[in-house]
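Engineer: I am attaching a structure below and will ask some questions about it afterwards.
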Amino acid sequence: MKFQLLYPLLIIIASSSYGILSTIIKVAMGQGFTSGEAVTSQYMVGFFLALILFVITQRSLPRLNKTGLLTIVCAGIFTATTGIIYGKSLEYLTASLAVVLFFQFTWIGMFIDCILHKRFPSRPEIISLVFLLAGTILAAGILDTDLSAIAWQGWVYGLLAATSFAIFIQINSRKVEGISIISRTLLMSFVALIVISIFLSPEILWNGTLVNSPLWIFGLILGVFGIILPILLFSIAAPKVGGSLSSILSAMELPVAILASVAVLHEKLTIIQVFGIVIVLIGMVLPTVIAQRKNSV
């Protein structure tokens with residue numbers, strides 16, 4: 001019973017850590033850094049932290065077959081593409097609206113899971129999805145926002161980031177034999193760093209920007225909450241929970257992101273938004289509650 005609740009809780013913690021990223025990146029941009037520099041620092045520092053964990057805790061190298069290696073490489077690639085595209089969306093959107101578009105990974109992930117497993121969504125999944133989407137609209141405050149003033153690039157980047165993250169969750173829900181969670185985190189962060197270095201701002205390492213400016217502070221925060229915690233916890237819990245339920249439980253990211261933007265960026269929070277957050281939380285816990293009731297019968 002305890003372990004049945006533990007793994008969903010780990011998914012919730014992992015998604016909550018993702019929720020603060022948009023706010024931290026916005027703060028970094030306010031300090032004069034680009035979104036590309038902030039995201040690059042996240043993956044550089046994240047890989048360094050993963051390497052430290054590996055050196056301290058591991059005594060042997062992982063033994064992977066081709067399928068396991070391919071799974072980890074793909075997970076690392078989609079970790080990076082999620083960061084790249086989400087960072088670009090923040091150049092066009094407020095932190096709250098960016099996370100709303102990113103939040104669409106919930107239904108995208110559920111439908112990907114249905115396609116992969118050749119099944120229809122279950123009744124609890126559909127009910128949960130209705131709650132999540134309704135709560136999203138209210139929680140983001142988009143009813144009071146002039147959406148016509150938002151550049152089309154913001155919409156595209158936001159939805160692409162959601163799709164990338166949904167794919168990441170599906171890949172990371174696969175079990176990989178012959179490798180520890182720490183080793184998996186190290187390899188995924190290494191692959192992600194390579195992709196990030198190709199497309200963003202690797203020059204921050206050799207031109208001194210990363211270590212001789214406050215960028216390393218943002219990199220440390222982003223690395224912990226955007227690389228170490230989510231990869232570790234998703235790697236532990238997602239194979240136990242499954243891709244569809246992982247996507248639903250990851251809805252916790254939305255209320256965390258909105259509350260972070262209110263607390264740090266002083267974005268407005270209305271009663272309607274609070275009501276929306278409550279609806280999101282209800283939609284998030286419904287599948288777990290229903291599953292627990294079925295198991296107890």
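The backbone N, Cα and C atoms fix where each Cβ goes, and this holds for glycine too.
Note: TrEMBL annotation is automatic and uncurated.
Worth saying up front: this structure is predicted, and the values here are computed from it rather than measured.
Heads up, here are the entries from TrEMBL:
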| type | residues | note |
| --- | --- | --- |
| DOMAIN | 9-139 | domain 'EamA' |
| TRANSMEM | 38-56 | transmembrane segment |
| TRANSMEM | 68-86 | transmembrane segment |
| TRANSMEM | 92-114 | transmembrane segment |
| TRANSMEM | 126-143 | transmembrane segment |
| TRANSMEM | 149-169 | transmembrane segment |
| DOMAIN | 154-286 | domain 'EamA' |
| TRANSMEM | 181-200 | transmembrane segment |
| TRANSMEM | 215-238 | transmembrane segment |
| TRANSMEM | 245-265 | transmembrane segment |
| TRANSMEM | 271-291 | transmembrane segment |
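Help me understand the surroundings of these features in the structure.
Structural biologist: Averaged across the domain 'EamA' (9-139), pLDDT in this predicted model comes to 85.
Same-chain neighbours of the transmembrane segment (38-56): 21, 24-25, 28-29, 80, 83-84, 86-87, 182-183, 185-186, 189-190, 192-193, 196-197, 200-202, 204-205, 210, 215-216, 218-220, 222-224, 226-228, 231, counting only residues six or more beyond its ends whose CB sits under 8 Å from a CB of the stretch.
Helix, strand and coil content of the domain 'EamA' (154-286), in residues and according to DSSP, is 108 helix, 0 strand, 25 coil.
Residues of the same chain lying 6 or more positions beyond the ends of the transmembrane segment (181-200) and with a Cβ under 8 Å from any Cβ of it are 36-37, 39-40, 43-44, 46-47, 50-51, 53-54, 57-58, 61-62, 72-73, 75-77, 79-81, 83-84, 87, 227-228, 231-232, 235-236.
With a cut-off of 8 Å between Cβ atoms, the residues of this chain six or more beyond the transmembrane segment (215-238) that come close are 6-8, 10-11, 13-15, 17-18, 20-21, 24-25, 27-28, 31, 33, 37-39, 41-50, 53, 79, 83, 169, 172-173, 181-182, 184-185, 188-189, 192, 204, 209, 246.
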Engineer: Which of 68-86, 92-114, 149-169 shares the most C-beta pairs under 8 angstroms with the transmembrane segment (245-265)?
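Structural biologist: Top-ranked stretch among 68-86, 92-114, 149-169: 92-114.
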Engineer: Helix, strand, coil: count each for the residues of the domain 'EamA' (9-139), based on DSSP.
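Structural biologist: Going through the domain 'EamA' (9-139) residue by residue, I get 105 helix, 0 strand, 26 coil.
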